[in-house]
């Protein structure tokens with residue numbers, strides 16, 4: 001018997017720094033995913049920002065993980081790539097980072113060290129175009145990949161038996177993942193410094 | 001050729017130069033260059049923050065009440081403390097007062113960050129500079145158990161426990177995925193702990209990893225959201241409904257009890273694990289008292305954790321407030337964040353443009369205009385710097401100064417100011433620790449002293465959480481449920497122009513935000529963060545900052561593997577914040593160490 005309560009727990013996570021142009025990709029995808037789709041109780045949708053070890057407890061509670069992030073694959077700007085399971089840690093060796101903003105690889109291995117990391121991993125990454133533009137918006141090639149990235153995640157969720165459902169009513173502003181002027185629309189409208 | 005800096009250091013850049021870029025296991029991107037003499041002693045040090053942080057630019061024109069949400073995103077570790085500093089700056093500008101309950105909740109959240117950050121910093125970043133993980137694999141579990149039981153009543157200390165752990169570690173290493181232990185200089189001669197002590201601390205590394213998840217639940221309860229808690233100009237956003245059940249976000253008795261229990265366990269963990277480990281580590285490194293740098297000369301603490309809401313007096317602050325210059329512990333100088341002559345930033349050696357390189361600017365008048373120019377003696381070029389020229393501009397970090405003086409900030413600075421003020425809660429634990437190690441008080445002025453002060457402060461903070469939690473509960477039970485003052489929420493009640501400042505003691509040191517508001521929008525916003533003070537480049541007079549000063553005179557056992565530099569720089573808990581964390585397929589990037 002497979003009741004909804006003992007379904008495998010899934011974490012849908014977006015990481016990155018929204019203040020740094022394309023680096024905000026992961027957070028913007030998860031924000032938009034949450035705005036458009038409702039998920040079952042066994043699915044958690046999380047804006048992880050640049051948090052490091054804070055995320056360990058969320059990872060521990062998940063059997064399956066989908067993570068959105070900006071990834072330097074050496075591909076063309078805006079190219080999307082899905083990486084699965086054992087391949088994920090290879091792509092998450094953080095460059096220019098470290099403990100606190102702990103490269104996601106370290107968050108994964110911390111969960112591994114504690115003996116409780118998600119068994120199935122899916123990294124949906126996008127090749128950034130511009131990471132230097134502090135305070136700038138997502139660039140067009142990366143912004144255009146938000147919808148395809150969400151589509152990839154929906155497909156995975158369906159395969160995992162917990163399909164996301166389009167919201168029948170718009171998500172109230174108070175329930176959005178990011179508020180206080182840092183939501184995507186408000187942030188971008190004002191992203192060009194005056 | 002040696003030069004003397006105005007703040008008392010002798011620099012000699014004639015010896016061979018080593019370059020470490022990036023320095024690993026820190027938040028952000030830091031580059032260190034050092035010149036060694038023929039005995040491998042550091043005679044000149046150059047610290048360069050190599051990424052630009054311009055939150056100031058992006059906040060211009062925004063709603064002041066939302067500034068905290070932006071500053072919270074600057075980095076992944078200083079989240080709450082930036083948010084708190086930001087709401088304080090806006091409140092200061094607009095003359096908004098907060099209720100007592102809000103003061104208690106804010107203190108608890110800030111102290112919670114202290115406990116979490118100090119613990120995580122020590123075990124997951126800094127311990128590996130003192131503890132050789134690979135050596136732990138050779139330890140005898142029985143002797144480890146005996147050692148652990150001799151220094152603490154902590155229950156997880158049986159031979160079987162350590163044996164199991166050793167097997168897990170061996171398996172972890174055997175699988176080739178070193179994870180957090182990669183890039184370590186294992187087997188380095190500067191590691192002094194016996195295998196048993198190494199195994200004991202590694203066990204606690206894992207326990208701390210597990211326990212830190214508990215501590216942050218406090219942030220989620222009062223902040224309503226994790227990992228990005230909510231803040232509010234005028235108070236705190238959590239409502240209190242003491243008898244409420246299941247009310248979304250409201251603080252009820254059940255939640256207060258959860259917080260209370262986490263505080264108790266935090267005190268227990270710090271006192272039975274962290275502090276005994278620190279004492280044990282110190283006992284093996286008593287001969288390694290390098291790294292004092294500026295700490296014996298000039299230190300600064302803004303003060304924080306007000307006993308009474310809206311009272312920023314030295315008497316109200318539980319963390320010490322004041323500046324000490326030239327090692328004169330008899331005189332503690334007062335700080336005024338609004339005085340344009342006191343806190344100023346200089347850019348003579350920073351990649352920014354000011355009207356004049358020799359004039360400092362008070363943060364209210366601060367300018368953040370990048371100007372990436374390199375000194376004429378630079379080796380390499382703009383995109384591939386082989387060796388910086390510290391005679392020119394060489395860092396993205398500005399050089400903040402207090403009345404023109406470079407100061408160290410952070411736990412050690414706070415303990416020195418507290419010690420000089422004769423405050424028993426800082427003086428006595430420090431003296432007790434030193435006495436147990438048979439070290440003089442001057443031993444505090446060292447890398448080890450910085451590391452020990454952080455541990456003592458972690459204990460202090462855990463107890464202060466208890467204090468403010470009790471205060472909050474008593475206040476609530478007396479029927480006081482106010483958590484916010486929204487009387488000046490509406491911008492129509494604001495003056496046309498206003499300016500203010502907010503400050504905190506972040507875990508890693510003094511943090512300030514300065515704001516100017518015009519027509520209800522942010523007109524200027526400047527942050528001066530702890531790592532700007534500690535990691536600052538030289539100023540126009542040639543004074544060196546705390547990082548650079550701390551490295552001078554340190555002998556290196558093996559310059560190819562600069563463990564001593566990592567150890568000392570990590571002891572500041574640097575946060576260069578907000579760098580990108582783009583992943584690369586090859587990953588595993590080692591810090592490059594170049595010797596020229």
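Think of each number as a place in line: the chain as shown, counted from 1.
The backbone N, Cα and C atoms fix where each Cβ goes, and this holds for glycine too.
Keep in mind that TrEMBL annotations are predicted by a computer and have not been checked by a curator.
Residues annotated as Mg(2+) binding site in TrEMBL: B:56, B:581. DSSP assigns residue B:56 (Mg(2+) binding site) to a helix in the three-state reduction. Around the Cβ of residue B:56 (Mg(2+) binding site), the number of neighbouring Cβ atoms within 10 Å comes to 22.
Residues or ranges marked as Ni(2+) binding site by TrEMBL: B:75, B:78, B:575. Counting every protein chain shown, the number of other Cβ atoms lying within 10 Å of the Cβ of residue B:575 (Ni(2+) binding site) is 29.
Per TrEMBL, Fe cation binding site is recorded for B:78, B:578.
On a Cα basis, residue B:75 (Ni(2+) binding site) lies 14 Å away from residue B:56 (Mg(2+) binding site). A simple way to gauge crowding: the CB of residue B:78 (Ni(2+) binding site) has 27 other CB atoms within 10 angstroms, across all the protein chains here. Other C-beta atoms found within 10 angstroms of the C-beta of residue B:75 (Ni(2+) binding site) number 26, with every protein chain shown included.
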